[in-house]
Amino acid sequence: MATTTPSRSTRSSMQSPARGTSTPLSPTRISRLQEKEELRHLNDRLAVYIDRVRALELENDRLMVKISEKEEVTTREVSGIKNLYESELADARKVLDETARERARLQIELGKFRSDLDELNKNYKKKDADLSTAQGRIKDLEALFHRSEAELGTALGEKRSLEAEVADLRAQLSKTEDAHRVAKKQLEKETLMRVDFENRMQSLQEEMDFRKNIYEEESRETRKRHERRIVEVDRGHHYDYESKLAQALDELRKQHDEQVKMYKEELEQTYQAKLDNIKRSSDHNDKAANTALEELTERRMRIETLGYQLSGLQKQANAAEERIRELEELLSSDRDKYRKLLDSKEREMAEMRDQMQQQLNEYQELLDVKLALDLEINAYRKLLEGEEERLKLSPSPESRVTVSRATSSSSSATRTSRSKRRRVEEEYEEGGASTGFGAGHSLGSSRITASEGSSRTITSGQSSTTRFHLSQQASATGSISIEEIDLEGKYVHLKNNSDKDQSLGNWRLKRKIGEEEEIVYKFTPKYVLKAGQSVKIYSADAGVAHSPPSILVWKNQSSWGTGSNIRTYLVNTEEEEVAVRTVTKSVLRNVEEEEDEDADFGEEDLFHQQGDPRTTSRGCSVM
């Protein structure tokens, strides 16, 4: 560490090399030149650090904008896909319930057809036995016909007894058929109710499992957007298969109903004709025998026809069952395919998470570097303050001049160095940008005061040092706050601090600078500031591209303006001020100094030999 203290000296001892080029450099001059080079080197390092921090902050803003845009896109896509998936799943569940109900009904009808077939077989066997018995009796009657007329009376009596038995049997058969029909209907109703309750229970269970899986696996919902296309394609095939199957089953059902009805009518007619023939056979034995033989032949042919038809119906029923099994296998294969697609989408989501984590790690490393730079700059400033304290010197604007590179060849360079120092202090003490001025937000009001600065003007006879003070005051009555304003008039930064979107349609952002005319920026009618997001409104000369909703450009205004008293406020559609930020620049003092003291700030830039007894109150320390 080197300590230098400027002092007042005579003109003969402070002459520049240009006045005495033949005089060799003294050790004091060499030491001062070395200290000057060392300070320039340190100033270069500080400038590099500041540029690096600004670049990191710009990169940080860019990354935050990218992350917010990605989060908005992801949220929008996930919500849309979730709604589509829920609707598609509800439709699929409804179709499955209808299919299960239709299958149960078809199974009931198939069981009914099988029971009708068994009943027809039993009736056929019974009628065949009755036919054999009738043939035996016909032979007996033919034998008895030749015996005597007395036996004819006996036969007539037997005939009457048989007719009574047939009537009793018919009545019993009718009652039994009615009871059987009622029982079958009740069984069908109970079966349908049981199947319906089972389907409803299964649907509720599936819905409960689905809601549980939805909340546990929200990350998988993004894969549904690929599934939507597949479902739309397969849905058409599925609907075609269902419509064709339903049409075929309806046709089979109608054919079965018509055939069964026809069979019943024909059997009843045949049975009635047989009874009539038996009655007439007692009166006309010869005619009855021939009629019985013809009826037997017709019945045999009819039974064979019915057998063929029943076998055809059984084949159709088997084909329908085979088709149902094929459709179930197709549905199972589709489910397996969709499951594989879901697994692949899960892997893609895992890769995306890894990439996001890697980006976050890189971002954290950048933040660590920025923090290290901030600490180094703060240490630099504390060393300067400690050296001033050690030498019992009050902090003066001249002590800050050494932070930035400057020469005494012109007064403009000195003013530039002090201006740079002021901006550095505003950036690292206030947390704002290099040219911006702002701080945190609150619903009340907050006051933030920047570091003092100074400017120096050198004339032929004297110099003046002007110190100024920057302060700002911000307040907000709602969720929108004015987060930052640029002192050079390039932009104004607004932020939505709530968790809800805020419509800024037709709101106006106004700026008043001293006594100048007020300028007004009006938002578009449909502009909305998202929750937690921010927007910067740049002037036309800022050189920034228009990129809504985070970056807006005021094309009709070249600059927001600069001045010593800047008031920026946001007004809603009801002319109420919802956010205000005021920046004030005030002059603290103006000190006049003599010409010979200005000479000390000449070519050697406040450097002198250490330990000079002519040390004044000015001094600085350099790391």
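Cβ atoms are placed via backbone N, Cα and C, with glycine included.
Per Swiss-Prot, region 'Disordered' is recorded for 1-30 (among others).
Positions annotated as compositional bias 'Low complexity' by Swiss-Prot: 1-18 (among others).
Residues or ranges marked as region 'Head' in Swiss-Prot: 2-27. Summed and averaged per residue, pLDDT over the region 'Head' (2-27) gives 44.
A C-beta separation below 8 Å, combined with a sequence spacing of at least six in one chain, links Ser26 (phosphoserine) to none of the other residues. The DSSP secondary structure for Ser26 (phosphoserine) is coil. Taken from Swiss-Prot, the feature phosphoserine covers Ser26 (among others).
The region 'Coil 1A' annotation in Swiss-Prot covers 28-64.
Here Swiss-Prot flags 35-391 as domain 'IF rod', drawing on sequence analysis.
Residues or ranges marked as region 'Linker 1' in Swiss-Prot: 64-74.
Positions annotated as region 'Coil 1B' by Swiss-Prot: 75-211.
Residues annotated as region 'Linker 2' in Swiss-Prot: 212-235.
The annotation region 'Coil 2' is assigned in Swiss-Prot to 236-378.
Taken from Swiss-Prot, the feature region 'Tail' applies to 380-592.
Under the heading region 'Disordered', Swiss-Prot lists 388-473 (among others).
According to Swiss-Prot, the phosphoserine annotation covers Ser396 (among others).
Swiss-Prot lists 398-416 (among others) with the feature compositional bias 'Low complexity'.
Residues or ranges marked as domain 'LTD' by Swiss-Prot: 468-585.
Annotation source Swiss-Prot lists region 'Disordered' at 591-623 (among others).
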